[in-house]
Amino acid sequence: MSNEVFSNIPEIKFEGPDSDNSLAFRHYNPSEKVGDKTMAEHLRFSMAFWHTMNGGGSDPFGADTAQRPWDSVSDPMEQARIKMRGIFELTEKLQIPFFCFHDRDIAPEGETLAKSHKNLDEIVGLAKTLMKTSKTRLLWGTANLFVHPRYMHGGATSPDLKVYAYAAGQVRKALEVTKELGGENYVFWGGREGYETLLNTDMKKELDNLAAFMHMAVDYAKEIGFDGQFLFEPKPKEPTKHQYDTDSATVYGFLEKYDLLPHVKLNIETNHATLAGHTIQHELHFARINGILGSVDANQGDTLLGWDTDQFPTDLYVSTLMMYEILKNGGLHRGGLNFDAKVRRPSYTVQDVVEAHIIGMDSFARGLKAAHSMLTDGVLEDFNAQRYASWNSDLGKKVAQGKATLAELEKSVLNDPVHVPASGRQEYLESIVNRYI
Ligand code: GLO
Ligand code: MG
Ligand code: MG
């Protein structure tokens, strides 16, 4: 078909673990059932517009390396049209059901906010038309409040009211178009919502303003009948030295303090967990037990580098433990696994991008299967039920009900001979996890 944007990319199909074809799935078989759901229903993959359509590979030391079909097109609006057609085509060829975008990824910024809205409307109109004949859906939309120089001090935490108002206008519009495209979620990531030095920062005012901003977004969503899930994405540093949305626990505290917990869940990214000094399992687990696990930005960092490398996920140990938490959460519900990931700079072809998505999808398919078997056998559950068994005693139950006293607890052990608790058997448990992978 001459209309194709990526004419050299075929439809990617499941060929099984023995296939030598780099443009095929070895493990991701969308219709295969794992437990009571298909792989497609469990995994809800999504493609990131900013990396896959806009990322060119430039870094602080060098220019773009990527070769893309629209390279020779100079009109930014025409490029935007091709890229939008491109993401629908590529998601379909890869059997990825969703995509995600920032407002400024899909349409160029105009001279005024009003002109930017107009550009956005045109491209959103195109996306809507493409959706009529495509299976591709919108996982989430968001507003880019960090690239433009006006946001150098932040967007929703800017010390300058005019900048704050501009950010508000962008978010209002982004919510409107996310609704128009049937988006399942709306994400806040505080790109520049943080600070470099407290010498020029009123932290309390900035956090109060951020909360007011989010409440206005929640109110506007209600006003226009957008019923998507709001998500807040934690990240500890980069671009600012101190990001206000450091990690899941910090964001939970913020949401609770400002009465936003009823409206907002988390979008948790693997590489951001690493930067915060946590495992992704810790981040997902914390969110799960507090009822705020919303969606996942599936990527991975590099153990030797201290910044956000946003690589495609390949680590099966990690994908297994992630899927373990997600299954225990009863799934991702309206969320998904969004590949917030980019190929390395020397991987400059479109084929590299496709192969990167394939290994990401295969890694999660294997993680899903391993986690599902592990959970079905209940090995970790049985072990931990035993480990915490003493809490089933009457005294243990009293503590849980808040009815015990220090003196009562003391009395229960006052005349005990030396008590040695059972071994934690970490290495044994690690060997069990390895067996399932
Ligand atoms: C950068 C973030 C970024 C967000 C995106 C959505 O480190 O991961 O890609 O996911 O802006 O809010
Ligand atoms: Mg992200
Ligand atoms: Mg990132």
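Note that Cβ sites are derived from N, Cα and C of the backbone, with glycine treated the same way.
TrEMBL annotations: computationally assigned, not manually curated.
Among the features that TrEMBL reports, active site is placed at His102 (among others). In sequence order, Phe49, Trp50, Gly141, Thr142, Ala143, Asn144, Ala174 are the residues near His102 (active site), counting only same-chain partners six or more apart with C-beta under 8 A. Classification of His102 (active site) by DSSP places it within a strand.
Cβ contacts within 10 Å of Asp105 (active site), excluding its own Cβ and spanning all protein chains shown: 24. Among the features that TrEMBL reports, active site is placed at Asp105 (among others).
The Cβ neighbour count for Glu269 (Mg(2+) 1 binding site), using a 10 Å radius and every protein chain shown, is 28. When secondary structure is read from DSSP and collapsed to three states, Glu269 (Mg(2+) 1 binding site) falls in the strand class. For Glu233, Glu269, Asp297, Asp340, the entry in TrEMBL reads Mg(2+) 1 binding site.
Asp310 (Mg(2+) 2 binding site) carries neither a helix nor a strand DSSP state and counts as coil. Other C-beta atoms found within 10 angstroms of the C-beta of Asp310 (Mg(2+) 2 binding site) number 22, with every protein chain shown included. Per TrEMBL, the feature Mg(2+) 2 binding site maps to Glu269, His272, Asp308, Asp310.
The domain 'Xylose isomerase-like TIM barrel' annotation in TrEMBL covers 146-281. The average per-residue pLDDT of the prediction over the domain 'Xylose isomerase-like TIM barrel' (146-281) is 98, rounded to a whole number.
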Sorry to bug you, but what's the C-alpha spacing from Asp308 (Mg(2+) 2 binding site) to Asp340 (Mg(2+) 1 binding site), rounded to the closest Å?
11
Work out how many Å separate Glu269 (Mg(2+) 1 binding site) and Asp308 (Mg(2+) 2 binding site) at their Cα atoms, rounded off.
10
Within its own chain, what residues at least 6 apart in sequence put their Cβ under 8 Å from the Cβ of Asp308 (Mg(2+) 2 binding site), listed in sequence order?
Lys235, Glu238, Asn271, His272, Leu275, Gly301
Filter the candidate list His102, Asp105, Glu269, Asp297, Asp340 of recorded positions, keeping only entries whose CB is under 6 Å from an atom of ligand 2.
Glu269, Asp297, Asp340
Under a criterion of Cβ-Cβ distance under 8 Å and sequence separation of at least 6, what residues of the same chain contact Asp297 (Mg(2+) 1 binding site)?
Glu233, Asn267, Ile268, Glu269, Thr270, Asn271, His272, Asn338, Asp340
